[in-house]
Amino acid sequence: MTGTGGSMLAVRGLSRRFESRKAPRLALDDVTFDVARGEVLGLLGPNGAGKTTLVRIITTLLLPTSGGATVAGHDVVRDARAVRRTVGLLLGGERGLYSRLTARQNLRYWAALHGLDTRTGRRRVTELLEELGLSDRADEQVRTYSRGMLQRVHLARALLSRAELLIMDEPTNGMDPHAAAAFDDLVRRQRAEGTTVLLATHDMRQAQSLCDRVALIDGGRLRAIGAPDTLLTDAQLLRTVTARGFRAELTPAVRAIGGVLVQSDDDSELVARVTDGAALGALLNALVTVGINEISVTPPSLTELYRARISDRDFQLR
Amino acid sequence: MTTYLSTQWRLVASQPGLFATLAIMPLYSLVFYTTLRAQDRPDLAPIVALTTFGMSMWAHGMFVASNIVENDRREGVIQQGLLTPAAYQWSMVIRIIGTTALSLVALAEVVVIGVLLGFSTVPESVTLCVLVAMLLVLGTAGAALLVSALGVRVQAIRSLQNALTYPFYLLGGLILPADWLPEPVHWLTRIFFLSHGFRLLQDAAAGHVTDVTSRLAVLLLLVLAQLLVGACALAVVLRAARAGRVPLYG
């Protein structure tokens with residue numbers, strides 16, 4: 001297949017079935033989407049949804065059962081070599097590095113595998129260790145690292161080859177809040193430099209703040225894709241109104257307003273959800289009229305969208 | 001290439017236990033030399049030295065070098081390696097050759113120990129001996145590559161790893177002359193680089209080699225074939241991993 005003109009990544013009817021003695025499992029089922037050059041796309045979905053399978057196919061680590069994908073116009077099956085030159089991959093986790101080597105030694109080895117000559121590799125590794133705050137412990141064995149530090153080494157490896165398409169699976173898993181915020185800045189810098197980013201994450205805050213669009217995947221199928229604001233608007237999720245200084249005797253009057261759902265009320269605070277702008281206006285008017293001025297209106301978040309679109313299964317895998 | 005070698009050296013050096021074969025096998029030479037002295041057979045000292053070296057080299061290849069791919073799998077590194085499959089495979093070949101080459105130290109050890117004990121173990125043709133020993137190291141690395149790849153693909157081979165030593169010492173003519181083996185296995189010794197190479201090594205040590213060029217050429221061909229088979233097996237395993245048929249984690 002051939003790529004779309006302006007798209008860095010084009011996925012078309014992609015399916016992947018895993019055979020097993022018990023029962024075959026369809027990990028991806030007819031997935032189609034595009035990612036434009038310089039775009040940051042978030043992949044959201046529960047464990048076992050098919051995100052990692054999708055990532056592995058796009059990066060040529062796994063062959064699809066049917067359908068296909070192109071990266072910068074290169075087919076992931078027929079032109080895998082060109083695809084690999086284009087992508088940088090962060091799989092994360094506590095494995096994937098030589099635990100008895102230092103971060104610097106690990107990265108130098110991977111730099112060599114990516115075709116960087118010794119001098120360039122050393123310079124690039126030093127730059128990345130500095131940029132990711134690992135310089136002080138760069139010469140310690142990575143088996144002594146915390147999970148968050150390991151993630152940074154994984155990230156450094158993904159950045160070694162200055163890839164056009166960065167694919168990251170749970171990149172901030174295990175990072176402390178400061179490191180996670182620094183990661184967000186790094187992604188923004190990458191985007192500013194024209195790098196396309198595919199970000200598989202469970203962190204809704206991160207997805208909402210970083211991604212131009214998000215794709216919701218569940219059961220191997222693409223459930224929704226679009227800009228977070230558009231998806232939230234389309235989903236008609238409820239806004240939440242919180243009013244401090246509320247008095248319980250006002251509750252009947254609030255309940256009488258059409259489109260207002262009272263979630264909780266006591267002598268100090270009201271939490272209600274509103275279905276539309278008219279209901280919001282009526283509620284705000286009623287609250288201000290009785291002298292309540294400390295009011296906050298919270299728009300729906302990706303977390304609510306996620307919970308609305310992805311079926312709740314507690315700890316169950318698909 | 002130097003980065004691959006230095007990486008492998010650091011990995012091996014961080015686990016001193018991996019040197020066990022190389023450290024212990026030369027000690028066997030002490031036992032053998034003592035026996036020779038007791039039996040008043042100093043003429044057999046060069047053969048003892050070479051046999052000890054051959055056994056060290058092969059055991060090191062089978063137990064240490066052949067575990068490199070499996071170790072990478074356990075560390076979860078193979079998956080990342082598939083992003084640069086050609087370079088990764090090349091790095092594996094280099095790393096396995098580099099690790100097997102450490103066994104050349106055993107050759108020096110057994111010769112020196114022999115000399116220190118008063119035996120005449122310095123080869124008559126040092127250059128030829130070193131050249132043949134290097135070719136043998138390459139061939140053993142090829143065998144280690146093959147075992148390495150099979151080990152990832154067929155887990156059962158790990159439990160058979162111990163069986164990969166003595167039958168091959170016999171087949172390679174390390175313990176007995178290969179000609180003494182039963183007729184049905186003669187064809188195996190003829191296509192096995194170790195039996196060719198070891199015979200040439202013994203002749204070079206004794207200083208009476210005939211047809212050096214043709215024998216070296218045959219050995220070179222057999223060694224290259226062994227390396228090729230090993231590299232192809234590794235390529236097959238990496239392709240199977242990409243097709244999802246090989247678990248990428250141990």
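Cβ from N, Cα, C; glycine included.
As recorded in TrEMBL:
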DOMAIN    B:18-202  domain 'ABC-2 type transporter transmembrane'
TRANSMEM  B:12-32  transmembrane segment
TRANSMEM  B:44-65  transmembrane segment
TRANSMEM  B:96-119  transmembrane segment
TRANSMEM  B:125-152  transmembrane segment
TRANSMEM  B:164-181  transmembrane segment
TRANSMEM  B:216-238  transmembrane segment
The transmembrane segment (B:164-181) and the transmembrane segment (B:96-119) contact flag, 3+ Cβ pairs under 8 angstroms: no
Distal contacts, the transmembrane segment (B:12-32) - CB-CB under 8 A, six or more residues away: 48-49, 51-52, 55-56, 59-60, 63-64, 99, 102-103, 105-106, 109-110, 113-114, 117
Determine which residues of the chain contact the transmembrane segment (B:216-238) at the Cβ level, with the cut-off under 8 Å and only residues 6 or more beyond its ends counted. 69, 78, 81-82, 85, 88-89, 92-93, 96, 131-132, 135-136, 138-139, 141-146, 148-150, 152-153, 191-193, 196-197, 200, 246
